[in-house]
Amino acid sequence: MNQTKSRDIPLYIYHAGQCDPKKCTGRKMARFELARLYDRISRLPRSAILLDPMAEKALSPADDPKKGIIVLDCSWEEVERVFPELEKLNLEHRALPYMLAGNPVNFGRPFKLNSAEAFAAALYILGYKEQAEKVMSKFNWGHSFLELNREPLEEYSTAKNSTEIVEIQSHYI
């Protein structure tokens with residue numbers, strides 16, 4: 001697989017406005033024009049990849065991210081409310097494999113990634129490593145996430161499909 005891809009993948013955030021604006025990674029990404037914020041589900045692009053922790057299929061390099069990647073930046077209660085609306089959008093639901101958070105709030109906790117970390121992980125796995133590094137470069141703790149997860153991210157990025165991702169993940173859990 002290529003070390004990096006030439007064009008950046010569009011990144012989208014459904015932002016419910018429920019977080020501390022000073023700590024919100026989604027808002028910061030939007031300020032740096034790394035992602036677009038949406039406050040309505042109906043405005044999200046169709047056919048994109050939705051990073052969904054409850055998805056049956058793991059994100060893998062076999063997925064086509066050209067239509068973009070979507071992250072939900074909201075509470076779990078809000079997720080339950082919006083999921084019926086999300087079903088109408090024809091999105092590709094994908095779960096991220098095992099990784100540790102590098103952010104100060106959840107440092108070292110498995111699966112507790114914030115929006116920026118979720119995007120960086122997805123981009124890295126899909127082969128867009130430079131874009132992943134660009135996202136993380138905007139946060140003073142961003143290097144921690146990439147360093148903590150360098151080995152699994154490299155392995156995940158070599159997988160052929162979702163099944164291989166799950167196999168690789170089993171070595172880290």
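Quick reminder: no glycine exception, Cβ is built from N, Cα and C everywhere.
Residues annotated as S-adenosyl-L-methionine binding site in Swiss-Prot: Thr25, Leu72, Leu96, Ser115.
Non-local contacts of Leu96 (S-adenosyl-L-methionine binding site) by the CB criterion (under 8 A, 6+ apart in sequence, same chain) comprise Leu51, Pro53, Ala58, Leu59, Phe111, Leu113, Ala118, Ala121, Ala122, Ile125.
Using a 10 Å radius centred on the Cβ of Leu72 (S-adenosyl-L-methionine binding site) and all shown protein chains, the other Cβ atoms total 24. Of all residue pairs in the S-adenosyl-L-methionine-binding list (Thr25, Leu72, Leu96, Ser115), the one with the greatest Cα separation is 18 Å apart.
Within the same chain, the residues at least 6 positions away from Thr25 (S-adenosyl-L-methionine binding site) whose Cβ sits under 8 Å from its Cβ are Asn103, Asn114, Ser115, Ala116, Glu117, Phe139, listed in sequence order. Those residues of the chain, other than Thr25, Leu72, Leu96, Ser115, with a C-beta within 8 angstroms of the mean position of the S-adenosyl-L-methionine site C-beta atoms are Ile13, Gly26, Leu51, Val71, Asp73, Leu113, Asn114, Ala116, Glu117, Ala118, Phe119.
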